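Shown next, in structure tokens, is the structure this report addresses.
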Amino acid sequence: MHEKLIILDFGSQTTQLIGRRVRELNMYCEIVPYNKFPHDATDVKGVILSGSPYSVYDENAFKADLTEIRGKYPVLGICYGAQFLAYTSGGNVEPANSREYGRANLSHIDGEDELLKGIHVGSQIWMSHGDTITVLPDNFKVIASTDDVRAAAYHVEGEQTWGVQFHPEVFHSTDGTKLLDNFLNICGCAKDWTPASFIESTVAELKEQLGDDKVILALSGGVDSSVTAVLLNKAIGKNLTCIFVDHGLLRKNEFENVMRDYEHLGLNVIGVNAKDKFYKELAGVTEPEKKRKIIGKGFIDVFDEEAHKLKDIKWLGQGTIYPDVIESLSITGTVIKSHHNVGGLPDTMNLKLVEPLRLLFKDEVRRVGMELGMQPHLIKRHPFPGPGLGIRILGDITPEKVRILQDADDIYMSLMREWGLYDKIWQAGVILLPIQSVGVMGDERTYENTVALRAVTSTDAMTADWAQLPYEFLAKVSNEIINKVKGVNRVVYDISSKPPATIEWE
């Protein structure tokens, strides 16, 4: 069992980022609702209090009872967490004269304090709060200030309790990782959470959990399901059967390429060609949500049919990852949404769930995959929607439209790799628009399809910026598509960020 850090979630948008930063420092942590501290746990080394959208003095603000936490564990309050500690200890928190958002610099630092070891005056931090601590309790000592915020950081004398009104977890706080590492050292953390240690402990747990039972797993070709398959295969070998469904909406040659990759990994995979079924059921359907539902139900039907051909299956493997687990519970403990990679499977299957990746963030899944010896092109694949090209064809879906989009997308992705751009992009693809336009090819007038290129940079898909790809690259892609893809005479580039736009068009 790994020792762990507990992050109490008060509803901040950056709570998961705190968790990722701690994990990057090789320390295992768990994010739990603010009022669900695991008091019975014996392996907790320290506690972080997250930010929150509330003000501490709001009637509906989330309030935690810290009486059994403070003094027993080292505590670090971040933003709202820092204000909550001060406010509940007798300090004052009030609306700031001007809201503090964006970059600031530390103008005063107590270099003797353990939390700020190795951090110097001038260090850039990131503020994001509308309130400020105006009066600290008597035993709270200011250890860092900015020109505008006196209590940018404090230490509670006589306790291993600290608060910072800035966000060390965000990229813009240049010494934020150093501060978090200092806190882990204060907690006495061994920092032994590594891909290798995760694989060793998880494989052992899977062997004990599954014994000689048989497991089925739906593969998508994506990172999560692929790493799940390799981990399960390492634990139970031939007792794992994987099913990979070709719904006719994969990228060009993807079914054959992915099947070859899985064979190379030694996986037992059943490949199912279900193109005709999906094309028939999608014929004439234009409404995006209806398309999604048809594709989702079709996949479940095919998977269920194949699963029933197998004997003595006891478990369903899924590539659920930690953000799915966190998001499935609100911080009040009520279910918001259920996350199932194979959602809606018939109850008659009566299978137990096994989710080997449920403790990992996405970047950790990739590192585990690399440690398992998986090929880089499998590990570094861009996210690809479950409905595939079905939501990149605006309007109704036909085999001819799929052919056009596959050819255009293949050119875009191939050139992106050739130019060394693929690994710099979070997600990219081509969208076939329900628009035709006039063009001229040779001496003839054409009236053909328009495609849009999409590429974004991101760290978590919650927000995304459109990628500023080189003009020369875009010109090359446009020229290649128009000359080589029959049925396309115009290429445009989507320069919308998320928000307000989403990454996918449907």
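Yeah, the Cβs are placed from backbone N, Cα and C, and that goes for glycine too.
The feature domain 'Glutamine amidotransferase type-1' is assigned by Swiss-Prot to 4-192. Marked as active site, nucleophile by Swiss-Prot: Cys79. Per Swiss-Prot, the feature active site maps to His167, Glu169; the stated evidence is sequence analysis. Residues or ranges marked as domain 'GMPS ATP-PPase' by Swiss-Prot on the basis of sequence analysis: 193-381. Here Swiss-Prot flags Ser220, Gly221, Gly222, Val223, Asp224, Ser225, Ser226 as ATP binding site.
Overlay of Swiss-Prot feature records on the structure.
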residue: Cys79; record: active site, nucleophile; Cβ contacts under 8 Å, 6 or more apart: Ser12, Ser50, Gly51, Ser52, Ser128, His129, Val164, Gln165, Phe166, His167
residue: Glu169; record: active site; Cβ contacts under 8 Å, 6 or more apart: Thr14, Leu17, Ile18, Arg20, Arg21, Ile78, Gly176, Leu180
residue: Gly221; record: ATP binding site; Cβ contacts under 8 Å, 6 or more apart: Phe244, Leu250, Glu254, Val258, Arg381, Phe384
residue: Gly222; record: ATP binding site; Cβ contacts under 8 Å, 6 or more apart: Gly319, Arg381, Pro383, Phe384
residue: Val223; record: ATP binding site; Cβ contacts under 8 Å, 6 or more apart: Lys362, Val365, Arg366, Gly369, Leu378, Ile379, Arg381
residue: Ser226; record: ATP binding site; Cβ contacts under 8 Å, 6 or more apart: Leu219, Asp261, Tyr262, Leu265, Gly369, Met374, Leu378
Using the Cβ center of Ser220, Gly221, Gly222, Val223, Asp224, Ser225, Ser226 as the ATP site position, which other residues in that chain lie within 8 Å, going by their Cβ? Leu219, Val227, Thr228, Gly319, Arg381
Give the mean pLDDT for the domain 'GMPS ATP-PPase' (193-381) on the 0 to 100 scale. 87
Ser220 (ATP binding site) CB neighbourhood, other CB atoms within 10 A: 20
Which state, by DSSP, holds Ser226 (ATP binding site): helix, strand or coil? helix
